[in-house]
Amino acid sequence: MTREMTGGMTGDTRADAYRPRRDRLWFTRSRGYTVFVLRELTSVFVAWSIVFLLMLVDAVLGGSLPEFAALAARPWMIALNVVALAATVFHAVTFLNLAPKATVVRLDGRRVPAWMIQGGNHTAWALVSLLIAYVVLRS
Amino acid sequence: MTDSAETPVIRMEVARYRPGEDAEPVFQAYDVPLMDDWAVLDGLTHIKDRLDGSLSFRWSCRMGVCGSCGMTVNGEARLTCGTFLTEYAPGPVRIEPLKGFPVIRDLVVDIDDFLAKLSSVRPWLVREGEEPPLTAEYAQTPEQLEAYKQYSMCINCLLCYSACPVYVLDPDFLGPAAIALAQRYNLDSRDMDDRFDVLNLEDAVWGCTFVGECTKVCPKHVDPAEAIQRYKVSAALRSVLPWSRR
Amino acid sequence: MTDMIDVLIVGGGGAGLRAAVAVAETDPALKVAVVSKVYPMRSHTVSAEGGAAAVIGLGDTLDEHCYDTISGGDWLCDQDAVEAFVAEAPRELIQLEHWGCPWSRERDGRVAVRPFGGMKKMRTWYAADKTGFHLLHTLFQTTLKYQDIIRYDEWYVTKLVVDDGRVHGVVAVEIRTGRVETIPARTVVLATGGCGRAFPFTTNAAIKTGDGMALAYREGAPLKDMEFVQYHPTGLPFTGILITEAARAEGGWLINKDGYRYLQDYDLGTPTPEPTLRSMELGPRDRLSQAFVHEQRRGRTADTPYGPVVYLDLRHLGEEKIEHRIPFVRELCRSYQNLDPVSDLIPVRPVVHYMMGGVHTDLDGATTVAGLYAAGETACVSINGANRLGSNSLPEILVFGRRAGIAAAEFARSHREAEPAAVHSQGEDERRRLARAREGGGNGGRIADLREEMQHTLEGAAGIYRSGDVLAKAADTLAGLRERAEEARVEDGSTTFNTELINLLELHAMLEVAQTIVACALNRRESRGAHQRTDHTDRDDAAYLAHSLVHRAPDGTPSVGLLPVTITRWAPGERVYGRD
């Protein structure tokens with residue numbers, strides 16, 4: 001179906017329409033936007049955590065564990081990692097909470113409520129964390 | 001409705017844009033009676049009928065189903081027929097056109113872009129083979145109906161586009177309602193298409209960064225954000241598992 | 001001037017879109033256009049709630065649907081039209097299903113049906129309580145498949161171009177730019193809906209201003225049965241928002257201020273806890289609205305700032321049933337009336353809902369002007385007679401929208417001559433008239449004041465009960481209003497999206513239609529269906545088993561005559577509800 005495009009005679013007001021300028025501070029305009037942008041920023045800390053983990057692996061394989069431990073024990077590094085932990089947890093929790101949006105599960109024709117999917121995710125997360133903790137800490 | 005002396009008033013600051021006269025929108029203030037059962041839209045029709053006949057805005061059913069009267073009320077995308085004025089007492093309350101669209105005049109925005117996008121997702125039942133005779137319906141169980149029903153409730157009011165920062169920054173983004181309506185047909189047991197060619201694109205589902213505002217402002221609980229994320233999963237699966245195509 | 005259109009449809013609601021698809025499907029070579037003053041999905045079809053009637057089996061027969069419709073219409077329906085309508089309604093609803101309409105379903109996957117007012121069998125298909133919404137969006141989205149259908153969105157048709165008894169196109173203004181354009185067309189299908197906005201309390205959307213009726217009437221096509229105005233018994237008092245009949249079909253009760261189911265006092269049957277078909281709350285709309293007036297006179301209605309009300313009681317249905325079967329009722333009550341029907345009574349009053357009358361057409365939607373067709377509420381075929389049954393209007397727009405589309409396509413194929421010179425000159429005249437209306441602007445009253453005066457005049461004279469002397473006075477008032485409306489003040493001189501100018505043109509259309517309503521009501525000195533005269537209280541088949549046919553005289557005044565009703569198999573009888 002085509003919309004009749006205006007043309008000819010009197011010209012077109014399409015050119016007269018007001019188009020607002022791009023708003024560079026859009027993320028400050030509502031709380032929802034700000035929270036969204038903050039959450040996006042937590043990805044940086046997730047990335048840092050991965051880099052830190054790779055450094056650890058490299059240190060173990062390369063035999064430079066004491067140097068790495070010294071670096072990790074510096075106050076600013078501890079501070080950075082505390083912030084990174086908080087940000088990563090926030091990212092993980094919100095990620096798991098959003099999962100029901102992407103996966104709609106139906107049992108018996110009824111939609112499984114969001115809290116059950118979220119609860120399942122968090123439980124699975126906790127179990128995996130416990131398992132890792134057990135493997136790492138048993139020695 | 002009479003404005004007797006004791007009726008309180010509320011100030012409505014209404015964005016005016018008259019092409020040829022205004023270079024950009026300006027606010028004009030009107031005092032209207034603050035009645036308990038008046039919606040923001042009733043305030044606007046009061047202005048048009050009693051105070052200033054030159055104010056332009058769209059409205060029709062005033063029962064939240066035609067989708068005409070979406071505007072920005074105190075910064076938030078709302079259906080003005082379903083928003084009580086008293087919510088903003090004692091005022092003032094600011095009425096602006098929906099954000100993210102070119103403004104034609106006052107509170108009227110250009111929505112042709114959406115209509116073109118809607119057409120592009122094939123929002124109709126796609127069938128293969130011959131059309132059966134008009135003597136019997138296709139069977140569809142209540143559960144199969146439930147699977148897409150929510151996405152069929154979209155009234156095209158475009159509050160979701162207005163609230164979506166992705167759309168406001170990149171007008172090529174296919175946007176929440178069009179994708180939700182594509183999903184309305186994808187998930188319909190009678191439909192035989194998956195609209196992969198129009199949805200699995202950078203400017204379609206992958207443009208969505210999941211801000212989630214579309215779902216928050218939707219007056220009909222369509223949850224377009226969910227529709228989009230679900231399609232991302234379907235599209236990803238289809239890309240890695242070629243046989244998962246329906 | 002644009003290229004010649006074969007079928008130009010005015011109005012993008014259910015009837016108009018159905019006509020457009022019918023043309024596109026029957027002959028893809030024809031050029032079809034839809035001109036609508038709003039985007040099609042904003043059309044008022046979107047507000048229909050309860051359902052669409054069509055015989056689907058289950059011990060139901062076509063004859064029973066015919067009989068319910070004809071008796072519901074107090075024997076003023078043309079029975080050949082009713083038979084065609086009833087026969088074609090099922091295939092139309094199935095067609096909508098094949099296009100994707102989300103009809104509510106039975107467990108086994110068949111389409112579900114519910115009871116409805118005045119219907120003896122369960123035959124009302126529904127999509128929860130947003131049937132019109134789903135129907136319109138399904139239709140609109142389906143039309144998008146037909147890339148060749150030309151759409152003029154937000155164009156307002158101000159005049160039909162008619163020369164020598166034949167239509168040649170329309171003059172329309174593009175609301176966005178103010179540009180006035182003559183669109184030549186071989187045929188025109190009017191599908192602009194009704195005229196509820198001529199009344200103060202109405203379920204109708206702001207756009208329902210009788211445009212199509214006025215367009216046809218001004219060019220010499222007569223209107224038919226205009227005195228029959230349907231009051232829906234359950235509207236919300238301030239907004240006029242409709243609470244669907246489905247609420248009563250699912251078991252809701254109408255009670256007065258004392259909690260008494262008062263319909264039992266008005267020959268509508270005896271109360272039962274469960275709904276009984278064609279009885280009590282499931283009686284026809286005219287009788288229920290009339291019962292309200294009697295309750296009011298007996299002092300048994302409750303008072304509100306917006307006038308007297310009775311109550312719709314849904315509390316005994318329980319939250320689950322309300323949420324499942326009539327969720328929109330709950331949504332509307334919560335958002336617009338600040339109450340919850342699960343725990344509260346809903347205040348309701350009769351509100352203007354539907355025009356049984358309209359442009360006089362035959363079974364194919366053809367009017368007396370060659371090439372001009374009408375369908376839906378704009379038209380009067382007539383299948384609704386003196387009172388329309390709930391859930392007949394949605395199938396009506398489909399059945400007769402399609403018929404009009406096919407007939408117009410046929411006419412366009414067989415009439416290929418070039419347009420006459422009159423098209424250009426009439427277009428130029430109209431352009432000048434519109435420019436004057438906008439730029440000149442009168443110094444008379446405000447549009448809103450004139451509109452309100454018209455609305456209250458109509459409600460006072462042509463409401464649920466009418467009388468000769470009040471109607472005569474109203475006719476004078478309306479004539480005066482018409483003159484004053486010519487001088488109405490227009491404050492907006494802009495060409496861009498000038499809604500005030502459109503409001504003025506709509507007011508002119510409504511006044512034109514209002515005059516025909518009063519003239520027809522004055523002429524019919526009997527009581528039948530929705531037309532109740534306090535000075536002529538009985539039905540008079542000897543004199544008035546006939547349609548009112550109203551022409552516009554050269555001086556602009558309405559002139560009313562009668563046209564016999566077509567009776568095929570159902571001789572006029574008594575309308576019986578609630579007793580066998």
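Indices start at 1 and increase along the chain as displayed.
Using the three backbone atoms N, Cα and C, a Cβ is placed for every residue, glycine included.
In TrEMBL, annotation is done automatically, which means it is predicted and not curated.
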Need a hand: TrEMBL gives C:His232, C:Thr244 for substrate, which of C:His98, C:His353, C:His360 is also on that list?
C:His353
Cβ neighbour count (within 10 Å, all chains shown) around C:Gly11 (FAD binding site)
33
Within 10 Å of each Cβ, count the other Cβ atoms and name the one among the binding-site residues C:Ala15, C:Val38, C:Val46 with the highest count.
C:Ala15
Listed in sequence order, the binding-site residues from C:Ala15, C:Val38, C:Val46 whose CB sits under 8 Å of a chain B CB are C:Val38, C:Val46
Quick note, C:Thr244 (substrate binding site) and C:Gly50 (FAD binding site): C-alpha atoms separated, nearest Å, by 6
To the nearest Å, how far is the Cα of C:His232 (substrate binding site) from the Cα of C:Ala15 (FAD binding site)?
21
Within the same chain, the residues at least 6 apart in sequence whose Cβ is under 8 angstroms from that of C:Arg42 (FAD binding site) are C:Ile207
Could you measure between C:Ala15 (FAD binding site) and C:His353 (substrate binding site) for me? Cα positions, answer in whole angstrom.
17
CA-CA, which of the binding-site residues C:Gly11, C:Val46, C:Gly50, C:His353, C:Arg388 lies nearest C:Arg285 (active site, proton acceptor)?
C:Arg388
Can you give me the residues near the recorded substrate site, meaning same chain, not C:His232, C:Thr244, C:His353 themselves, Cβ no more than 8 Å from the center of the site's Cβ atoms?
C:Glu49, C:Gly50, C:Thr203, C:Pro233, C:Thr234, C:Gly235, C:Leu242, C:Ile243, C:Glu245, C:Arg285, C:Val351, C:Tyr354, C:Gly390
Across the domain 'FAD-dependent oxidoreductase 2 FAD-binding' (C:6-394), what does the mean pLDDT come to, as a whole number?
96
Rounded to the nearest Å, what's the C-alpha distance separating C:Gly50 (FAD binding site) and C:His353 (substrate binding site)? Just drop the number here, would you?
13
